[in-house]
Amino acid sequence: MYLACGMLVEARQVFEGMPDRTAVTWGIMMGGLVDRGRPRAALALFSNLWEEAGRGAGPRAVVVAVRAATAAASLQAGWQLHCCVAKMGACNNDDGNPYLSCALLDMYSKCERVDEARRVFNAMTPHQRSVVAWNSMLAAYVLHGRSEEALELYHDMCGSGVGMDQFTFSTMLGVFARLGLVEHAKQAHAGLIQRGLLLDVVGNTALVDLYCKWGRMEDARNVFERMPTRNLISWNALIAGYGYHGMGDKAIEIFERLIAEGVVPNHVTFLAVLNACRFSGLVDKGKRIFQLMTQNPRTKPRAMHYACVIELFGREGLLDEAYSMIRRAPFAPTANMWGALLTASRIHKNMHLARLAAEQLLAIEPEKINNYVILLNLYMNSGRRDDACRVLDTLKRKGLYVSDACSWVTVKRKDHRFFFKDNFHPQSSEICRRLDTLMKEIKEIGYDAEENELLPDIHSDDQKILRVYHSERLAIVFGLISTCPHTPLRITQSHRLCRDCHKVIKFVTKVTRQEIVVRDGSRFHHFKLGVCSCGDYW
């Protein structure tokens, strides 16, 4: 009672005055200290118990002590407690305490010893591996960014016969989102419905986020509307999703609904809705929302918000206003801000501002090759070959080069990866033949190749020939020959789409009547009947 009321001194007095104390009593006192933020005091108490009772301390008290070591982030104490467990033989067989093993597993995970956590898990008998144990190990992998291992363990769990719960699905939805496994996510979602399980707010938000990331905005909205409870992260995920897919008006609709329902937006909310205005070219609405931020001391705009507004102005050709935003910022301009101005200057061919932005950007990020590539193409497009040669010389001197672009498409639940001028795929001959045919078809309806766009590691004479075999084109053609007509294709691209490929894909959707969604290094592109959601600005 005293512990529940936060009266630790009184609780300790009663505890010390007891003539006899069982392991349960020690466990209650230690648990109260842990719950009240005194884990080291709990560990000291366990030390006293171990001196008095030794192996008779009991598994319950040890579980609490391991919780204390976890809360204190004390790996040393965790190791010592694991030795105590070994001496007690508390986890050696099917009769061992499964909670103790799970506590040790969680302790090693929180102390950044994932491999040791896995050893604890592997030492558990199949009978001890409850859904809690599986979930704890999955969470350990996810916490430390080891998504592939989490996926492998999940497959093992599916074959183990252990019943999954909503926490399993919540954890794995985040993994599927990171790895781009939208089909796995759909199966997990179906599994939840079949089992009659309700996802918590975290799991539902992960599902909204995943569907948004893979262009399934109707699915994302359906999940959002059916959520019994929502937090701010849920709202932010949907607003950001609409924004990245060029649905700015819907993003603003959700933002206004958020305000109307009394939810207080944060910096992430404003970033999401400003991004939506940026991607959709909604200048007046973007200005209004930015002004709304400046009026609230708690949401003063940060550099990332300034970068959004700069790119919003730049998209509409308001380069003077974009540059003015940089000059009026109450802090030193960041790389994102100069990058936004450089993108705008490139699109609108303002060489003066482009050169200024590029010089500032290169001073901040001298080793980032994308900055050099943009500047190189700016010079090429404006006929400044000498300046372009100087950029190439700088790249050679610094030893910088463009890494191989990679694109992948998922067909029948299997990922197919393609690289620049790739001929390793088993169907490469068929892919190249279909690509050549497709290029002839789009030329007949008006396609004309974009000139003067270079990659610094490819000689200009080879550009026209090799451009045809960019990885995204190979991935798209494979998707076309491997799926039914009118099946939407979803392509992931490691680099930013080049202008010529962007143009090609628009024409391909005209010829094939097939919708194509490309997720490149900067945003989503929804291609449909010759039009892209980005409005040719990316």
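Glycine is treated like the rest: Cβ placed from N, Cα and C.
Worth saying up front: this structure is predicted, and the values here are computed from it rather than measured.
Features as listed in TrEMBL:
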type	residues	note
DOMAIN	446-538	domain 'DYW'
REPEAT	130-164	repeat 'PPR'
REPEAT	165-199	repeat 'PPR'
REPEAT	200-230	repeat 'PPR'
REPEAT	231-265	repeat 'PPR'
>> Checking distant contacts: for the repeat 'PPR' (165-199), what same-chain residues at least six beyond its ends satisfy Cβ-Cβ under 8 A?
In response: 131, 134-135, 138-139, 142, 147-148, 150-151, 154, 157, 206-207, 209-211, 213-214, 216, 223, 228, 410, 413, 490, 492
> What parts of the chain pack near the repeat 'PPR' (130-164), using Cβ distances under 8 Å and only residues at least 6 beyond its ends?
Replying inline: 98, 101-102, 105-106, 108-109, 112, 114, 117-118, 121, 124, 171-172, 174-175, 178-179, 181, 184, 191, 195
> If you average pLDDT over the repeat 'PPR' (130-164), what do you get?
Replying inline: 91
> How does the repeat 'PPR' (200-230) divide up by DSSP, counting helix, then strand, then coil residues?
Replying inline: 23 helix, 0 strand, 8 coil
>> What does the DSSP secondary structure composition of the repeat 'PPR' (165-199) look like, as residue counts for helix, strand and coil?
In response: 28 helix, 0 strand, 7 coil
> By DSSP, how many residues in the domain 'DYW' (446-538) are helix, how many strand, and how many coil?
Replying inline: 36 helix, 16 strand, 41 coil
